Amino acid sequence: MTFNLNLYTYKCACPAQLQTKEYGNGATLFFSPPFSSTAAGLPVDAFIPGARIAQAYLGERKHGHPDDVVASHHDTLSSILQSKQDVLDSIIYSYKHGFSSFAAMLTKEQARQLADLPEVISVQPSRRYKTTTTRSWDFLGLNDKVPTELLTRSRYGDDIIIGLIDTGIWPESKSFNDDGYGPVPSRWKGVCQTGVGWGRGNCSRKIIGARFYHAGLTKEELSGDYLSPRDASGHGTHTASTAAGSAALEAAGFHGLATGTSRGGAPRARIAVYKSVWRSAAGAEVGTTATVLAAIDDAIHDGVDVLSLSLVVEENSRGVTVVYAAGNLGPAPQLVRNTAPWVITVAASKIDRSFPTVVTLGKIVAQSLYYESENSSGITFRLLADGGRCADALNATDVRGQIVLCAAFQIPPFLLLLIALGNVLDAGASGLIFAQYSMDALDVVADCKGIPCVLVDMDMANQISSYIADSSGQDRAGVHSATVIGEVEAPAPKIAAFSSRGPSVNYPEVIKPDIAAPGASILAAKGDSYVLLSGTSMATPHVAGVVALLKAMHPDWSPAALKSAIMTTASVTDVRGMPILAQGLRRNFSLNPNKAAEPGLIYYIDPSDYNKFFGCTFKKSVQCNATMLPGYHLNLPSIAIPDLRHPITVSRTVTNVGDSNAVYHAVIESPAGVKMDVEPSVLVFNAANKAITFQVKLSPLWRLQGDYTLTWLNGQNTVRIPIAARITIHDFYAD
């Protein structure tokens, strides 16, 4: 259980006072408190019964040395606890590198007392986190056999350090081979923390650092994992190999499907592992605010260049660093997670690869990861049985040895699939055809306990059901799968159905997700083998890998500049020139790494500007800066007006990072119902005039809402930003 302090429940979406920090390695991390690590290393049940983890934020560091920061935390706690030993028993983590904050085991009354102290800005409960997994990099235009300028100029991400906050790593995987790597970068200040199944020899010139964080978790939550950086679930290994895996295996694949070279987007980058999510004996993955923020604090100290977090929180939480997963709650709208404006929030898309599975009933083609074993003699024909929903136990007499058709009418259907599979296996059936609303996540049928599992849509299921009903009892089916690549067979990119959608409830003035990247059926390492996984967890390391390449190529670019380059150069059409859609609902922006290398124009943001828009603190009530500006005035590479009642003018400033003498012309795409004007409509840059401010005026005409874009063109570069507006005439129907 997490510490639940009802007294501090709030509805304001703004975070506590945003902090920014520049570091000597050129990295800038954006985060909001509570933040940053000294682990007591004790499980939660070592503490007082009834106590829960609370995060206390004390603002900017008031002491130069980290040890003095820790001492100040002890002094603060000693004012509400009985003794020095009570303080040592209570405190779990001291966050001392980013700013001053700590996590401690406190009762509800102690948390109230702590919040009343004048030096304490906020006290909040520690929340639960959960994870959100060949061809994809070639599809993005980063083919190492025919390297692009981005790959060559960035030297494949050489010596860029990617920090991964996840479930750990499996160091023996071929994806982390360090052959040909030079010494560990001298600026690296991290450690190789040893533990169960992990010695110093498991760190290398590829995996240059490894830490783990488990304080505050119960023995039960840790029972299915290694008490070390070693990965028991495989999630962290998969994301690490996607972002920065070495090109170590030419024939990686999943039982003959999706074969090819497995490598990361920045294959020469170094990896730093921060294990903060754990696997229980029941298979659940769990982490907390305390473990994740402790990892981030150490990553700042250690000197990482990019942080990748394939995590989604159980409740609303603040984004704390560069690249985050949008979540897997699609296709319903407004469920996107990790929506702070200073992070890159990543949606998942499909690539141009499919796994067509022929169901031999007049050659019906479905999708599956079914593979034939070495002992298989080819297509096996079985009788068909209609099992209905298969939510309850099946009659073994009716379905034994047969392929069973089951249907799910709920979204998402994953849980029902598992129930149906269990019932089909218990009844002795030899296969499952599962009808469902497409969720674009084939890996859910990757392990069907030795029988073929095939996904079909409702229309195809209706055809199969009719075939069964019309047959004379001799109806038979066979199953056979293959891998197909190419735009004709598998149009792409397309937003995966499971990927969480915007708009953001917390930050409606910020368009989220920021970008889409491959996240459906992605092949990457797990243990000593390779598996196909789906999720925004798998999309996130694709963006992290590209950020590493861009950072190597442009070491002076800030996180805002990197985000701008990725967003403004994104593709809005698929490989056939058709709009990128999500179930036909709206335009989407898809990662285009090679274009991002030379974006032409950049939307810079001064880190201190965030405080003008999101300057709030939390104690017993929410207190926000009275002079706080609407979020749509922040110089983001997007514009969102959540309540357009009357004409609104917003400003944006762009900086030329391309040819010094350049002229850009505005191209506006807007729907009926909103009039958009841009002034000036022509931007003229030269050596003396590198940054220009322009205004965008949005005026409501009809009671409609829509999304549209503003593009600056100069012949060489296309710099596009998304713009969204919701026209609001009245707040309530009664008005």
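Cβ coordinates come from backbone N, Cα and C, glycine included.
Nobody curates TrEMBL annotations by hand; they come from automatic prediction.
Noted in TrEMBL for the protein shown:
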DOMAIN    59-131  domain 'Inhibitor I9'
DOMAIN    157-573  domain 'Peptidase S8/S53'
ACT_SITE  Asp166  active site, charge relay system
ACT_SITE  His235  active site, charge relay system
ACT_SITE  Ser537  active site, charge relay system
DOMAIN    634-724  domain 'Subtilisin-like protease fibronectin type-III'
Mean of pLDDT values spanning the domain 'Peptidase S8/S53' (157-573): 79
Whole-number Å value for how far Asp166 (active site, charge relay system) lies from Ser537 (active site, charge relay system) (Cα to Cα): 10
His235 (active site, charge relay system) versus Asp166 (active site, charge relay system) - Cα distance in angstrom: 7
C-beta crowding around Ser537 (active site, charge relay system), within 10 angstroms: 30
Residue distribution over DSSP helix, strand and coil in the domain 'Subtilisin-like protease fibronectin type-III' (634-724): 0 helix, 61 strand, 30 coil
For the domain 'Inhibitor I9' (59-131), the number of residues DSSP places in helix, strand and coil: 29 helix, 21 strand, 23 coil
Fewest Cβ neighbours within 10 Å, where candidates are the active-site residues Asp166, His235: His235
